[in-house]
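Engineer: Sharing a structure with you now.
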Amino acid sequence: MKAFLLTLLAQLCSASLVPEREKDPEYWRQQAQETLRDALRLQHLNQNVAKNLILFLGDGMGVSTVTAARILKGQLQHRKGEESLLEMDKFPYVALAKTYNTNAQVPDSAGTATAYLCGVKANEGTVGVSAGVTRDRCNTTKGQEVTSILRWAKDEGKAVGIVTTTRVTHATPSAAYAHSANRDWYSDGEMPLDALEGGCKDIARQLVDNIPDIEVILGGGRKYMFPKNTSDVEYPQEERHRGTRLDGKDLVQAWHDTKPAGKVAKYVWHRRELLALNVSRVDFLLGLFEPGDMVYELDRNNETDPSLSEMVAVAIRMLQKNPRGFFLLVEGGRIDHGHHEGKAKQALHEAVELDRAVGLAGRLTSPRDTLSVVTADHSHVFTFGGYTPRGNPIFGLAPMQSDVDRKPFTSILYGNGPGYKIVGGERENVSAVDFAHANYQAQAAVPLRQETHGGEDVAVFARGPMAHLLHGVDEQNYIPHAMAYAACIGPNRAHCSSAARPAATATLLPVLLLLLLLC
């Protein structure tokens with residue numbers, strides 16, 4: 001009822017919907033001229049070699065989520081919201097990526113991760129392997145492994161890191177280092193007997209074994225690293241948080257053991273430990289802050305769990321020590337989970353936090369030598385509409401009732417999901433519930449226990465060296481190829497001996513013409 005009254009109050013104040021400055025046509029003309037000047041500056045392309053690469057991945061962050069997050073960001077700053085700018089909005093180059101998997105029109109996060117990290121499209125449910133691998137079929141994996149841009153960067157001597165709000169063994173991060181016929185094989189405790197007997201490794205073990213010199217790994221997923229029934233350090237009484245491994249291995253200790261003599265490897269599980277870290281004295285960092293996924297930003301314990309922004313800040317400072325540069329994968333992974341649960345408020349606050357991390361990374365690096373890319377793996381069947389007035393609370397009601405059942409509805413809705421609610425044979429009256437609550441499940445048209453992904457294209461925002469290569473409508477697997485070209489790594493090293501030629505030629509041309517005239 002409180003939420004209903006607040007929305008009603010906002011709509012009653014609609015007489016002042018238009019800010020005074022926006023009533024003056026000159027305001028819009030000046031704004032357009034500033035945008036035009038910015039666009040004209042793009043004629044001078046940044047063709048530097050990218051020393052550093054940062055890929056920000058908003059899991060499930062479709063265009064409707066980006067727009068709603070922009071409005072939320074503005075409203076959190078006590079503005080109307082629509083006129084706000086996300087940090088990613090400030091990136092000068094924008095493209096669209098087609099997200100389908102090789103066997104799925106509407107994709108999952110594993111096949112898409114293989115595309116934007118490894119540069120090849122793949123089947124849904126598989127990570128780090130080609131489309132020749134069938135989900136769950138361990139015996140189809142051998143010889144079908146594909147490597148990621150993280151591996152390409154490491155092979156060129158760069159530092160590399162992974163930061164996520166999900167498990168570090170989840171679909172997005174795992175495609176950076178693992179090769180698996182099933183994205184859900186987090187530990188050997190989740191694997192079927194035939195896969196174990198077939199010699200396939202679980203994803204947590206691959207994290208330790210495949211690329212042992214990853215400098216930074218931060219996220220959740222402690223329980224997949226410890227033997228079955230090992231009590232969790234933070235939740236010792238909770239059985240669901242205990243270790244899951246059947247092989248008896250302590251993979252945190254194994255992670256320590258793989259590090260070269262003389263190098264300092266640090267494992268942390270508490271925010272205080274992370275923020276107190278002296279990065280100049282640490283060579284390798286593993287931080288696992290929850291047994292499974294990290295807690296939603298709105299519910300986060302500020303004592304024990306770091307925010308995504310805090311993890312990114314530590315990661316960049318760690319990786320910047322390498323004079324050859326770095327590659328960093330940053331995933332705002334729980335945007336996706338919020339949408340699956342129909343909890344739009346959780347999802348959008350996760351998106352705002354990812355954008356906060358984008359801004360922080362921008363302040364810690366320079367676009368002169370750092371290529372930053374922000375994108376999503378897929379969208380969701382999330383929408384907002386209803387002819388809402390300017391400044392309407394993003395989690396509020398539309399200003400109209402249904403002309404069919406005569407009941408109000410929230411601006412935010414889902415095409416399907418757990419928010420399908422029938423009360424007394426009719427659609428639930430949302431004015432009787434707290435629709436502004438963090439865990440409110442927005443109404444959905446079709447009942448499902450979990451809301452589904454959407455199949456439309458996703459945005460790709462780019463800034464820095466060679467960012468102009470990301471333009472138009474591209475296949476999703478193009479992204480790492482463009483980034484690798486910018487950094488002279490992986491399959492795109494060949495051009496690097498002449499990387500400076502376009503700029504050099506442009507600089508020397510006037511001199512050459514002058515010499516010809518003098519002769």
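Every residue, even glycine, has its Cβ placed from backbone N, Cα and C.
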Engineer: Out of ASP59, ASP136, ASP155, ASP405, which one does Swiss-Prot list together with SER109, ASP377, HIS378 for Zn(2+) 1?
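Structural biologist: The one candidate that Swiss-Prot places in that Zn(2+) 1 site: ASP59.
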Engineer: Report the candidate from HIS241, HIS437, HIS453, HIS468 that shares the Zn(2+) 2 site with ASP336, HIS340, as recorded in Swiss-Prot.
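Structural biologist: Checking HIS241, HIS437, HIS453, HIS468 against Swiss-Prot: the Zn(2+) 2 site match is HIS453.
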Engineer: Which one, ASP213, ASP250, ASP305, is listed by Swiss-Prot in the same Ca(2+) site as GLU234, PHE289, GLU290?
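Structural biologist: Of the residues offered, the record points to ASP305.
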Engineer: From the candidates CYS118, CYS200, select the one that Swiss-Prot records as forming a disulfide bond with CYS138.
Structural biologist: CYS200
Engineer: From the centroid of the CB atoms of ASP59, THR172, GLU331, the recorded Mg(2+) site, which same-chain residues not already listed sit within 8 A by their CB, in sequence order?
Structural biologist: LEU57, GLY58, SER109, ALA113, THR164, THR166, HIS170, ALA171, PRO173, GLY332, GLY333, ASP336, ASP377
Engineer: What is the interatomic distance between the Cα atoms of HIS453 (Zn(2+) 2 binding site) and HIS378 (Zn(2+) 1 binding site), given in whole Å?
Structural biologist: 7
Engineer: Quick check on the binding-site residues HIS340, HIS378, HIS453: which one has the highest count of other Cβ atoms within 10 Å of its Cβ?
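Structural biologist: Going through HIS340, HIS378, HIS453 one by one, the largest Cβ count within 10 Å is at HIS378.
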Engineer: Long-range neighbours only, meaning 6 or more apart in sequence with Cβ under 8 Å: which ones does ASP305 (Ca(2+) binding site) have?
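Structural biologist: ARG271, PHE289, GLU290, MET294, VAL295 - these are the non-local Cβ neighbours of ASP305 (Ca(2+) binding site), listed in sequence order.
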Engineer: Which has the fewest other Cβ atoms within 10 Å: SER109, ASN302, the recorded positions listed?
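Structural biologist: It is ASN302 that, of the recorded positions SER109, ASN302, has the fewest other Cβ atoms within 10 Å.
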Engineer: What is the interatomic distance between the Cα atoms of CYS496 (disulfide bond) and ASP377 (Zn(2+) 1 binding site), given in whole Å?
Structural biologist: 29
Engineer: Out of SER109, THR172, GLU331, ASP336, HIS340, ASP377, give those recorded positions positioned within 10 angstroms of ASN229 (N-linked glycosylation site), comparing C-alpha atoms, in sequence order.
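Structural biologist: None, since no candidate lies within 10 Å.
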Engineer: Rank the recorded positions ASN139, THR172, ASN429 by the number of other Cβ atoms within 10 Å of each Cβ and report the first-ranked residue.
Structural biologist: THR172
